[in-house]
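As structure tokens, the structure follows; a few thoughts come after it.
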Amino acid sequence: MANILKKWVESDARELKRLGKKADKIEALKEEMEQLNDEKLKAKTTEFKERLQNGETLDDILVEAFAVAREAAKRVLGLFPFRVQLIGGMVLHGGNIAEMKTGEGKTLTATLPVYLNALGGKGVHVVTVNEYLAERDSSEMGELYKWLGLTVGVNSSEMTPDQKREAYNCDITYSTNSEIGFDYLRDNMVVYKEDMVQRPLNFALIDEVDSILIDEARTPLIISGQTEPTVTLYERADRYVKTLADGDYTIDWESKSISLTENGIRRAENFFKTDNLYDVENSALNHHIDQALRANYIMTKDKDYVVSDGEVLIVDSFTGRVMEGRRFSDGLHQAIEAKEHVEIQDGAKTMANITYQNLFRMYRKLSGMTGTARTEAEEFREIYNMEVTTIPTNRPVARDDRPDLLYPTLESKFKAVVKEIRDLHIKGQPVLVGTVAVETSEYLSRLLDREGIPHVVLNAKNHAREAEIVTNAGQKGAVTIATNMAGRGTDIKLGPGVVELGGLAVIGTERHESRRIDNQLRGRSGRQGDVGMSQFYLSLEDDLMIRFGSERIKDLLSRMKIADEDAVIRSGLISRQVESAQKRVEGNNYDARKNVLQYDDVMRAQREVIYAERQQVIMEETSLKDVLMPMVDRTIDRVVDAHTQKTQKNFDLETIVEFARTALVSDKDIHQADVEGMSAKEIKDYLKQLADQMYIEKEKALYDPAQILEFEKVVILRVVDQHWTDHIDAMDQLRQSVGLRGYGQLNPLVEYQQEGYRMFNEMITDIEYETTRLFMKSEIRQNLQR
């Protein structure tokens, strides 16, 4: 550990020295900038933009741009960034994390890299933990950016898509992390490019970066959609396929695929009262019929699945065991439930999902600032490729951080906490009490009420009220109880006469499992060189001590217990033992987050393929023939390959021709005699020629290339979206089940990767087959809705 610390200190010192030289250059421009009148200073923005267009880089103009933004901040905000803030700004511009203590002006520091990067014209996102902070910072700092000729937007959950688009099109956009995530997912579900709101993700600067990238890293953002109407569709499809006779469908047992014959198609059109089963409007119906066919004629009860207590359970074909928690994908499970007349489990379906880890790793450049990141430096480096640099404080820290006090019981600990609060309150010194849980803050509040000590309780519920309470927490005689995260982002300024009383006293009622959260609480006191004090009160009955308290501490306390219930140990040993317990918990939490990321990376790779495909389709402005016809060709290749494995005279021509009739052309356009005597390659070429002719006929039927393009978009998007949402569900089921089973001696992650890859390839095959069938067999109509 000592070596790691030494490395950090040395690398920080090197980095600060390097950036210090640049800061000197910015400082050297101070007088030159002061000489410029307002118009000339504002004109610098246009000059910088032109220089960037002429080939200069952001790094080339950094020194001048920082000097301009610094002088503008003085004129507009009445604030002049210190030298340490210039260094912090450069760390952020470099795509790294600036660790700046509370009160060191993070918000002002951010204006420098935000201004510089906004000059590139690709958009800068300033990300905050709540909408109140986004509103506050955008209106306060927005004055500066607007004065310098840049546009500023704020993105919130109440906005319409048009308002969001306007906010994202600004040079600088303030938003919460969750709103950016949901907008990204929604953008990848739209069917018209005009409905998208975001531009490509360029540069994000995250405030309270540890909270978003570490504490919330495992939180998935999920968009769900209800799917109740499809329950009846499963039942109707099931009733229909149960009426079929042998000649109405063909089964290919090798690939376990099944399709309707021309006869079966006619029966379906009568049953469902539709003119053309393969019309685009019937894509959902087709999907349900396909699954009902598989459920009834391919899947066998007590071999592929069992029915137990009204539930369909999968049987593992290798072990013969029931696979708890797994469901067949792509709607097959629901089709079997309809077949067996048990309840169809088809509630909310996940339409799209992503974790913050993968969302923010998609930005071209990512940076962040916080008062506490050093303890998580390894995680930031390994997962986000961001280095943490600790920025020196503008003035030396004058806070008195006292050693922990340890009591035998919770009761004796809280007795001591209340006594300390009372003593400080009588003196008039403001007190901020930090609790780990909401119930602790309420319990302590009741104790203070009993003592008649006026106080305010702050639970992170009302952000606007929260800021007001935090602002007043530094006034004479104030007693504020707050849970961990409450009030981050708002400074506690000391009221008149408080410095003389010793500044803000911070009391921690227990140690959090993360050192970072404890450091955040301490850091509320002693801002900008103010005096202050911090003290943690612990007991042997605290969660952390019960889980990780070492034997040495327990021995000490067993001796204490005999002496006095209210006895206290004040010792560096306690603090060291607690810290080592915290490090163990942090290590466990990091491993858990890393594990989540490894699983999520499988989904990320798949998501990127599907979203890129959708983007290509949505953005296309002339023709999708180059996307669509290769899908048709690959589908033909797969079908022909599967049925020409044997010698030529044993080719399964009947199935190949049946495929051509149901997915490519009409009955009269192909007969078995047409492909007799052909090699596999000749059959493929012949079918591809038929498909090309079919495409040309569709072009002729419509005349208008715009309508053909629209038709192509409708077909591809409907099929892709249907299969992708089913696939997300299936991957979710797979993930839960590999965790449950642990696959004996096998690595669950490897199993998830391999099985997930197989399922994804299967989905792509299904998408291409269904797109082929829908496009080739549909009649193109005008005014189609995507």
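The backbone N, Cα and C atoms fix where each Cβ goes, glycine too.
Remember, predicted model here, so these are calculated numbers, not experimental data.
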Inset, instruction - According to Swiss-Prot, G103, E104, G105, K106, T107, D491 bind ATP; identify which of Q85, Q475 is listed for that same site. - result: Q85
Inset, instruction - Among all chains shown, work out which of the binding-site residues E104, D491 has the most CB atoms within 10 A of its CB. - result: E104
Legend entry - Remaining residues near the recorded ATP site, that is with C-beta within 8 Å of the centroid of the site residues Q85, G103, E104, G105, K106, T107, D491: M100, T102, L108, T109
Legend entry - Least surrounded among the binding-site residues, given as Q85, T107, when other CB atoms within 10 Å are counted: T107
Inset, instruction - Give the maximum pairwise CA distance in Å, whole number, for the residues Q85, G103, E104, G105, K106, T107, D491 listed as binding ATP. - result: 17
Legend entry - Spatial neighbours, same chain, of G103 (ATP binding site) - Cβ under 8 Å, 6+ residues apart: D491, G526, R527, Q528, D530
